[in-house]
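> Structure in structure tokens, see below.
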Amino acid sequence: MSSSLRPGPSRWRRAASIVLAAGWSRPETATPPSRPPPAEGFRLLLLQRSPHQGFMPGAHVFSGGVLDAADRSADWLGLFAPHHGPPRFGLGPAPFSRTAFPSLPDTDDHKTDNTGTLPEDVAFRICAVREAFEEAGVLLLRPRTSPPGPAPGPGLALEPPPGLASWRDRVRQDPRHFLRLCAHLDCTPDIWALHNWSAWLTPFLRGTTRRFDTAFFLCCLREPPPVYPDLAEVVGYQWSSPSEATESFLSKEIWLPPPQFYEVRRLANFASLSDLHKFCLGRALEGLERWLPIILLTADGMVHLLPGDELYLEDSDFLENLMSTEKKTEEIMKEGKQFHRIVTYHRHLYDIHVTVQPKYKHVYPKNSVVRKSHL
């Protein structure tokens, strides 16, 4: 196998995303009659990005966006007081910070002076909540008088305020207005409802200039909130269970980028929203492991190598490298045994192969090998 070094290092922009899972225990009442309750008992909010977006145009993704200085501002301290405050804001002991790569470089904002700002795990949660409001009109807020800490069960989103469109326009233009909206509603971002789930870094690909270091949080709601796409970054949405999203992807109704497909398949492990919520609470102290996929180009496809795979090289050269081989994907698969990889045959056909054990009390997807009829 060979690699090709790209001149000049990339930098990742820090970002946060919410995987929003909502209970769905009874049939919908829409006319004409729509889908029955999903087998999993919950559905995920998938937002369709505008085809005019520069990054992943047209993809169905989880809500999220780039961390802004306003998300870390010390101005939030007054809103969280007196019930919630430094050092942990009721989030419990600090989780471990883990990385599966030995020498990840600093992100753009590490060189700024963050003295007096909020802890990172608070700021990332505020960012994720703000983006859910901007993109989907979903308000994950909690009254200021509520006790801190995670709720024993899934919660509810706040009803949209009067003047939703006006508030959203202001927040989109200046994220500092999100603090003002929260103060107006006498609420705080419900950072306690966001559970550590995963963290993905954009791998190196030729022609790709945008790279992100994204923390994914899982939020469980008892029922789906109303969704109002902003019709700018987001042009549509759907609620889909893991099995429904997989089938929509394979039938080319939607396109899921590899990280989203992996997470959808990971969530297929859970039989109910209650099981998922309990699982999140049970691994709250394990933190997020940051994964940097390494791309292996084969003669007839592409393999996203993930930590633990026997071909995954924890070498800083691959921060800016592709791996390549003249062998076909099938040959590569026959040669190995220790797999943690996403095999991409084309835009709407991925296989997931996992033979390694999960770490840090997490779960990995089960092997997901598509029927040959899709080829």
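Using the three backbone atoms N, Cα and C, a Cβ is placed for every residue, glycine included.
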> From the ranges 116-137, 204-225, 226-247, 248-269, pick the one that Swiss-Prot records as motif 'Nudix box'.
116-137
> Secondary structure at PHE55 (site 'Important for coenzyme A binding') (DSSP, helix/strand/coil)?
coil
> Nearest by CA distance to GLU135 (Mg(2+) binding site): which of the recorded sites is it, out of ARG49, PHE55, ARG210?
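Comparing Cα positions, the closest of these recorded sites turns out to be ARG49.
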> Near ARG210 (site 'Important for coenzyme A binding'), meaning Cα within 10 Å, which of ARG49, PHE55, GLU131 (recorded positions)?
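Hits: PHE55.
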> So what's the average pLDDT for the motif 'Nudix box' (116-137)?
94
> Under DSSP, is GLU135 (Mg(2+) binding site) helix, strand or coil?
helix
> Between GLU131 (Mg(2+) binding site) and ARG49 (site 'Important for coenzyme A binding'), what is the CA-CA distance rounded to a whole number of Å?
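One finds 13 Å between the Cα atoms of these residues.
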